[in-house]
Amino acid sequence: MGKSSKDKRDIYYRLAKEEGWRARSAFKLLQIDETFNILKDVRKAVDLCAAPGSWSQVLAKKLDSSNATETKIVAVDLQAMAPLPGVIQIQGDITKKSTAEAIISHFEGEQADLVVCDGAPDVTGLHDIDEFIQSQLLLAALNITTHILKRGGKFVAKIFRGREVSLLYSQLRIFFNRVTIVKPRSSRNSSIEAFALCEGYDPPEGYTPNMMNPLLENSSVDWSQLEGEVNRFVTPFLACGDLSAFDSDRCYPLSFQGQYERREPVQPPIRPPYADAMNLVTKMGDFHIERHD
Ligand code: SAM
């Protein structure tokens, strides 16, 4: 870890290891659900940009499984993901037509209740470029969503709150009755990341999803006619997750006021790089290390 980079192994990282989530991101979806009930009555969901799979784990655990034959979760990522029971996995780039078509093919004759996208590019540190690439991921996710989401359905997507983000808010508002920007407690304040929570899928009259057109150039809709609220909309920004939830920007000791006691990880590291060093120390018998911090 470089001198200037922040230790990412915060309290949520530890909790994820202890509770068996594949990534600390699980808590972001859990906290959004805690406040906005987004998983209620959801049976079919798509998890875009899903690796290593903690959001898919949350979906697999929390979706309405009262009728198991109706439950469907499709997870997609550029990276390979370890299998998860009950989750159909696709490896591919969501900005590519072939991947989008593979996802859509799983929904022939049926529709999804929810699409989530936690997609993030490998950040370059050049903010304008990072924000632009992230917004392209979001638009690719939205385009796929317009093919499979049922009317009234929900879409939750990571968004970077950069300078030009209000254009994205307006684009989302064209397709959804309500757009709220939410920031879970487990998402660091220091990060420009937030999540667009889009509810009530309601595409403009005449809109036909089409893979060959960039999203907002669909010929059947005259976008210039979309006046009024879509253009003047002020998007609410809400924090979510209980205020007493752990603060992701704070350091907690291994035991904290009865609220946190360190536990062993559900699955210890298989072959961590530090194991060799530890073996070496054991082999050296009574080798003695003094620390003067
Ligand atoms: N939600 C995931 C979880 O809970 O485990 C974490 C997602 S991680 C923050 C972002 C993911 O976006 C990475 O796994 C990355 O491979 C994926 N990604 C970035 N660009 C993508 C693209 N064009 N198509 C598919 N996945 C992409």
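Just so it is clear, glycine is given a Cβ too, placed from its N, Cα and C backbone atoms.
The domain 'Ribosomal RNA methyltransferase FtsJ' annotation in TrEMBL covers 21-201.
Within the same chain, residues at least six positions away from G53 (S-adenosyl-L-methionine binding site) with a Cβ under 8 Å of its Cβ are R22, A23, A75, M81, A82, L84, V87. According to TrEMBL, the S-adenosyl-L-methionine binding site annotation covers G53, W55, D77, D93, D118.
What TrEMBL records for K158 is active site, proton acceptor. Its Cβ taken as reference, K158 (active site, proton acceptor) is surrounded by 22 other Cβ atoms within 10 Å in the chains shown. In the three-state DSSP assignment, the secondary structure recorded for K158 (active site, proton acceptor) is strand.
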Integer mean pLDDT for the domain 'Ribosomal RNA methyltransferase FtsJ' (21-201): 93
Greatest CA-CA distance (Å) over the residues G53, W55, D77, D93, D118 that the record ties to S-adenosyl-L-methionine? 18
Rounded Cα distance in angstrom between W55 (S-adenosyl-L-methionine binding site) and K158 (active site, proton acceptor) is 12
If one looks at the chain holding D77 (S-adenosyl-L-methionine binding site), which residues at least 6 apart in sequence have a CB under 8 angstroms from its CB? C49, A50, A51, Q91
Separation of alpha carbons, K158 (active site, proton acceptor) and D118 (S-adenosyl-L-methionine binding site) (Å): 5
What whole-number Å value do you get for the CA-CA distance of K158 (active site, proton acceptor) and D93 (S-adenosyl-L-methionine binding site)? 17
